[in-house]
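Chemist: Below are the features I grabbed from TrEMBL:
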- 17-36: transmembrane segment (TRANSMEM)
- 56-75: transmembrane segment (TRANSMEM)
- 87-110: transmembrane segment (TRANSMEM)
- 131-152: transmembrane segment (TRANSMEM)
- 164-181: transmembrane segment (TRANSMEM)
- 188-206: transmembrane segment (TRANSMEM)
- 242-261: transmembrane segment (TRANSMEM)
- 282-307: transmembrane segment (TRANSMEM)
- 327-348: transmembrane segment (TRANSMEM)
- 391-413: transmembrane segment (TRANSMEM)
- 419-444: transmembrane segment (TRANSMEM)
- 465-488: transmembrane segment (TRANSMEM)
Amino acid sequence: MAAVEAGARATFGAWDYGVFALMLLVSTGIGLWVGLARGGQRSAEDFFTGGRSLTALPVGLSLAASFMSAVQVLGVPAEAYRYGLKFLWMCLGQLLNSLLTALLFLPVFYRLGLTSTYQYLELRFSRAVRLCGTLQYLVATMLYTGIVIYAPALILNQVTGLDIWASLLSTGVICTFYTTVGGMKAVIWTDVFQVLVMLSGFWVVLARGTMLVGGPGQVLELAKNHSRINLMDFDLDPRSRYTFWTFVVGGTLVWLSMYGVNQAQVQRYMACRTEKQAKLAVLVNQLGLFLIVSSAAFCGIIMFTFYLDCDPLLAGRISAPDQYMPLMVLDIFVDLPGVPGLFLACAYSGTLSTASTSINAMAAVTVEDLIKPRLPSLTPRKLVIISKGLSLIYGSACLTVAALSSLLGGGVLEGSFTIMGVISGPLLGAFILGMFLPACNTLVSGGERGEGLGVPSTDTGSPNQGVLSGLAVGLALSLWVAVGATLYPPSAQSMGVLPSSAAGCAVPSANASGILDPLLAANASSRASRPHQAQCPGSWSAVVGPHTADGICGP
């Protein structure tokens, strides 16, 4: 479908940068307007939860926007290109996660009125467990946010020549600025705008790509003939990167750690005016996720049909799968200046929404878990100033981490899932212990701290031994799986990479048959010596963590 020269290189034009700049300006304006309205924030609660006055629609869209970072905007279409429509099973995993979150986890946090999720760990276990959870969260979030900020800048630089440091600094500085000034309300309302930009970007690509390939029927026929319509993949091999089980079991646990107990998400549940509104927000989020994920996956299928006989990776036009999407955008909109800029805005809307949420959440847990317990006499005004200062510090820290993220190997999507799975998995296990296993040991009685809300009345055994041991061993085993998956990636065949071709390129590549991804084939010589348990995808680290933490609970 795309007989383009292998060495061709497209770039963004002035109109594209103009559209991108407009998105940044609108985001900044929304953040300032919301943040400064009615005199700004008068307390830390205003800054971190918006005064607990928001409704389901904006909060739900914000939840969806912050999950779909630029990592997913660029990564999901590329993965659908290489692995097929089975990626849609992600929507089922997300639905299960939303139901579990709304029914089991959200009511506990909302009824306790917590700003930091890790306050629950102290109520249920001890301050040591709370601090352990807080520190793990801060480490995971800072690393993840660094990838989210840096990865799209790097990918777009490699494909289009977009200045990497200009894009990194402009998005990072603007995001930190409006988050510091506006707090949670600014984060939520800019997310609403940004999720609309993301959907617009995907839908424009879907419409144009479908038209160029020959219509929806032609797209589906070509995808079916080349094994891209492959939903019925129930392979039990844990080395397979994407199967029904990967998404429904591994994926559900990853997303449950993000939505059920993750500070950034729970903080927005607490911003809702009632528990019912918070539950509705989770359902609105699910609808938003379905629209975004399905749009991204179908973009990947259209990419495959567009490049049917001239895979840009095999032809040498790009050097990594994450670069498929920006290249296609430039190819199909070459005669429509400004439209590629909409996709650029789409990708960076994901970056802004995720980064702003993370910055606000890290500031919240620092104030609630580290500062307030030691300085309980601070006035509301001083806490607001400290909260804004922490937002500025964490924004700068995330930019620093972003500058170091080039050391990460592999695809950005897998890397981000690995980080969240390794650290978030054991934390999810600790919350499951506290809420659903009353026999697990604790320091305080439920009568004192909220019996009936996941804080049961038990005071047996050594105070923290069970849950702290579970956290430590769960983290170690999750790291073992993740490091093994990085050092010993499974073969392309076992991972389920589907064949592609470069036979129709104007300048055919040496690997025109395209049966194996060149980046994966490079590791074939050492495959026989790899331990099988180390060849699991990084997303399975989220399965190891919670189960290990649950299994080591003291009597």
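Just so it is clear, glycine is given a Cβ too, placed from its N, Cα and C backbone atoms.
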Chemist: Which one of these stretches, 56-75, 87-110, 327-348, 465-488, has the most C-beta pairs shorter than 8 Å to the transmembrane segment (188-206)?
Modeler: 56-75
Chemist: Using a Cβ cut-off under 8 Å, which residues of the same chain at least 6 positions beyond either end of the transmembrane segment (87-110) come close to it?
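Modeler: Answer is 76, 79-80, 117, 120, 231, 242-244, 246-248, 251-252, 255-256, 258-261, 266, 269-270, 272, 275, 278-279, 282-283, 285-286, 289-290, 293-294, 297, 300, 431, 435-436, 453-454.
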Chemist: What stretch of 242-261, 282-307, 327-348, 465-488 shows the most Cβ pairs under 8 Å to the transmembrane segment (131-152)?
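Modeler: Going through each listed stretch, the top one turns out to be 465-488.
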Chemist: Under 8 Å for C-beta pairs, could you tell me which stretch among 17-36, 56-75, 242-261, 282-307, 327-348 has the largest tally with the transmembrane segment (164-181)?
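Modeler: It is 17-36 that shares the most Cβ pairs under 8 Å with the transmembrane segment (164-181).
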